[in-house]
Amino acid sequence: MNLKILGIDPGSRNCGYAIIEADKGKNILIEAGLIKIKPSTLQYQITELCEGLDLIFKNHSFDEVAIEDIFFAYNPKTVLKLAQFRGALSLKILQIHGDFAEYTPLQVKKAVTGKAKATKEQVAFMVKRLLGLSKDIKPLDITDAIAVALTHAANLRVRV
């Protein structure tokens, strides 16, 4: 069963996205990038994020969408801002695509590296290795989005 999966790593400065094709345990990276969010008012930043997501959905169709849940942060303002971005993303995905899967950062790290407390660099190393890529993927927002898509692909194989 050949599935096209969109993985998203939401952020308030950059939102990483990755498109993989998953088929019988083999995953192929189709595209990965960033939705860049310029410093501005929160309303305009959320608008930029949603417009970037619109563009991705206009250029591709997906069987599955997966998004990383927000991480715990010590700064309440940061948590609130990330929650607003994530809420806007969730609504946009529901409007365009419908249901989507959610994974915590710990679930993603565990699925990709085998360790829930892995560093971002360890995740990046394993993403590169799992996809058989020769070049490093930068920035880490993109690597995280790929990891989300890979986590969802693995989760689907377990459920099928």
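Quick reminder: no glycine exception, Cβ is built from N, Cα and C everywhere.
Here is what Swiss-Prot says about this protein:
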- D9, D141: Mg(2+) 1 binding site (BINDING)
- D9: active site (ACT_SITE)
- E68: Mg(2+) 2 binding site (BINDING)
- E68: active site (ACT_SITE)
- D141: active site (ACT_SITE)
Under DSSP, is D141 (Mg(2+) 1 binding site) part of a helix or a strand, or is it coil?
helix
If you draw a 10 Å sphere on the Cβ of D9 (Mg(2+) 1 binding site), how many other Cβ atoms land inside?
24
Spatial neighbours of the residue listed as 'Mg(2+) 2 binding site' that are distant in sequence (at least 6 apart) but have CB under 8 A:
G7, I8, D9, P10, E102, Y103, T104, P105, V108, D144, A145, V148
Cβ neighbour count within 10 Å of D141 (Mg(2+) 1 binding site):
23
Local backbone state of D9 (Mg(2+) 1 binding site), from DSSP in three classes:
strand
